[in-house]
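Novice: Have a look at this one before I ask anything.
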Amino acid sequence: MTAHGEPATSDESNSNPVHPPVTSDVPLPNGNGNHKSTIVIENQPKRRVSIISDPPMIAGGGVIGGGYDNIAYEQNPRRKISQCSQHSHTEIGPARRKSILKDTPIHDNESDRASTHSYDYRGNALDILNAKYNGHQMGQSSQQGSNGANYVEESWMYTFCLKCRGEEPSASWEPPFWQKVFPYPLCPTFRTVSRLISLILIGVLIWVTAFVIIGDSAAPGGQLFGLVVLTVAANFGGYLISLTTLPRLIGMLMVGILFQNVGWVDLDGDFSKVTGHLRKFALTIILTRAGLEMEPKAFKKVYKTILKLGIVPWIVEAMVMAVMSHFLLDLPWIWALLLGTIIAAVSPAVVVPCLFRLRTKGYGVAKGIPTLVVAVAGVDDALSVAIFGIISTVMFSDKGLGYQIAQAPVCIIGGLGFGVVWGMLARIFPEKGDAFVVPLRTLLLFTGGLMAIYGSEEVGFEGAGPLAVVFSAFVSNLFWCKDGWDVEDNPVSTAFEIFWMIFEPILFGITGATIKIRELDSHTVSIGAACIFTGSILRILTTAGIAFGDRLNVKEKFFVGLSWMAKATVQAALGPVALKHLDENSTDEERNYAAIVQTICVFSIVLTAPLGAILISVTGTKLLTKTKQPQDLTGWRRSHRPSIRDISIIDEEEEREDPEIPEDKETQDNTHNNAHIPTISYSYNK
């Protein structure tokens, strides 16, 4: 008792006088704002504090984390240990009261504070979104605030806006008024808007310069201006399609078809030469990336599997396509073989994003299935382009029989030889310690690939160029890895991904613009679709049949075959090439054959690219085995894409759930011996 007969508090052990309370702003325990409370601010041995009771939290009620502090040493199970516990005090025990002196950051921004006199925070949806942007949890403030936050966060608009957002590598500076005018996440960040404005300004300045130099072609209504507008629109269309998790190239292709049939673009006439050169640039980038995806050491270990699964199914699909198109579409054998070599190519642009999503979840990682599919796709691309070059040279050359017979050996030997020489030069020049080694190696590899493509065409051995591009990138990567570079963190590969970001909308935009719906023959389209699907089905069956000795079960074999049915990049690059080879001396029949080849190539993209992406995503979770601990894919690695280095068909060391492999006997004995020990589980989420 005190001197005045009043009971002493538990915090007082002497009769020191109590000073008047001082009002101070202290943050709420849950960080929702500030609260006016009474605190004695004195340097006293003991001090009086005011404590508040938090409302009881039930499981699943939005509480951050859950569970007891230490359930193993809890003596009174009916007492709620901490505010993080998820059980209700009505079932277990009363909630423990917390001191308001808990250290929580004090925010100086008045707009982020709740009411200073009560828990009630009566804000609108905009305030709730702003609070979430600043890291607060306004749902804990009151039942009304919680309902408002849940309503907003569960709405389709909120989910859609979050889906459009990507993670930024660093904090974004914003003007003070930005969040009030453009709330998160309904509006873009200031960084996104400023980046867009910068790109628009750069584009306008380049256009003005091009207009001064070129003239009417760069003016509105000109062909160059139409190509630029088509590229920008194709990029936007690809972005919209990517929100549905389908490949971006589908949207780009659809935009090209729309522009052509509405009459918004005209790429015919003399301007077709420009689009032809753009296709060759895009083809060089595609083949270079295919070579850089292959790590030499891993390729040496599993080259038999890669070549077997890459070449044999490719031959089957190409021959099926050639035979069916010859008898059903009346194409001559040489034209049918040309079409078969194009259609048989697999598109990494479709399969890689889908396989990466499965890989991040742990599906097929133990056997390296995602990276095996990507590696074989690169081999398919190189094979298709090389054989296409040989056949097209034979078709459109007026030289003798000996020259045509020499096409295959000269193209193979010449392409491989150029690749070895250029790859060795890329190691010596520039010197590996040069401060500008990355841009110099990138430009050296790119210009060497262009020289191989244009040079082989000039000397009459067009099939040698594609092989030279792929092999020069492969050999360069071999020496760079020996010098210390990692195939997964190769900055040259990152540079070529940036090049592809530029040329992808150009390639698929102009490819879609070659399709004129009014001129299509329904018979050609229907028979072509039947040929495409028949070849794909037989390829799947062939892959499952020859994939013996690769430690793949039946489900995994069929999944690998399904992954290779998507067509896109090679078909877009090579489909219109035959038509470009024709001149004024060509017959109407030849033009008709070339138009059929181009039409079927474009429709193969439209039909198989979205279907292949859907089948990979749906069947991957059903046919592949999921690892217990998915791989850690953190890092700046280029697009976080799988590499051939991850193939572990030879060396499988990762923990996985595979019923075909029995458990270790020592592990079973330890599990049996430790069965009597109770298992203690904790439920705590940060």
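Each residue, glycine too, has its Cβ placed from N, Cα and C.
As listed in TrEMBL for this protein:
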- 670-686: compositional bias 'Polar residues' (COMPBIAS)
- 235-607: domain 'Cation/H+ exchanger transmembrane' (DOMAIN)
- 1-37: region 'Disordered' (REGION)
- 644-686: region 'Disordered' (REGION)
- 196-215: transmembrane segment (TRANSMEM)
- 221-242: transmembrane segment (TRANSMEM)
- 306-327: transmembrane segment (TRANSMEM)
- 333-356: transmembrane segment (TRANSMEM)
- 368-391: transmembrane segment (TRANSMEM)
- 403-423: transmembrane segment (TRANSMEM)
- 435-454: transmembrane segment (TRANSMEM)
- 460-480: transmembrane segment (TRANSMEM)
- 492-515: transmembrane segment (TRANSMEM)
- 527-546: transmembrane segment (TRANSMEM)
- 558-575: transmembrane segment (TRANSMEM)
- 595-618: transmembrane segment (TRANSMEM)
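So where do these features actually land, and what's packed around them?
Specialist: Long-range neighbours of the transmembrane segment (196-215) within the same chain, counting only residues 6 or more positions beyond its ends whose Cβ lies under 8 Å from a Cβ of the stretch, are 224-225, 228, 232.
Within the chain, the transmembrane segment (221-242) has long-range Cβ neighbours (under 8 A, six or more residues past its boundaries) at 203, 207, 210, 214, 248-252, 254-256, 259, 264-267, 269, 271, 274-275, 504-506, 508-510, 512-513.
Nonlocal intrachain contacts for the transmembrane segment (333-356), taken as residues 6+ away from its ends with a CB within less than 8 angstroms of a stretch CB, comprise 247, 249, 289-290, 293, 314-315, 317-323, 325-326, 370, 373-374, 376-378, 380-381, 383-385, 387-388, 391-392, 394-395, 504, 532, 535, 539, 563-564, 566-571, 574-575, 578, 593, 596-597, 600-601, 604, 609, 612-613, 616-617, 620, 639-642.
Sequence-distant contacts of the transmembrane segment (492-515) (same chain, at least 6 residues past either end, Cβ-Cβ under 8 Å): 227, 230-235, 238, 248-249, 252-261, 265, 267, 275, 278-279, 281-282, 285-286, 288-289, 292-293, 349, 438-439, 441-442, 445-446, 476, 480, 568-569, 572-573, 575-576, 598-599, 602, 605, 638-639.
Long-range neighbours of the transmembrane segment (595-618) within the same chain, counting only residues 6 or more positions beyond its ends whose Cβ lies under 8 Å from a Cβ of the stretch, are 245-247, 249-250, 253, 325, 329, 331, 335, 338-339, 342-343, 347, 350-351, 353-355, 357-358, 508, 511-512, 514-515, 520, 524-525, 528-529, 531-533, 536, 559, 562-563, 565-568, 571-572, 574-576, 578-579.
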Novice: Thinking of Cβ pairs under 8 Å, which stretch from 368-391, 403-423, 435-454, 460-480 has the most of them with the transmembrane segment (558-575)?
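Specialist: Stretch with the highest Cβ contact count: 368-391.
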Novice: Can you name the far-off residues of the same chain, 6+ from the ends of the transmembrane segment (306-327), with a Cβ under 8 Å from a Cβ of it?
Specialist: 299, 333, 335-337, 339-341, 343-345, 372, 375-376, 379-380, 383-384, 387, 528, 530-532, 534-536, 538-539, 542-543, 546-547, 550, 560-561, 564, 596, 600, 644
Novice: Under 8 Å between C-beta atoms and at least six residues away from its ends: which parts of the chain pack against the transmembrane segment (460-480)?
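Specialist: 283-284, 287-292, 294-296, 299, 378, 381-382, 385-390, 392-393, 397, 399, 403, 407-408, 410-412, 414-416, 418-420, 422-424, 426-427, 441, 445, 448-449, 452-454, 487, 490, 492.
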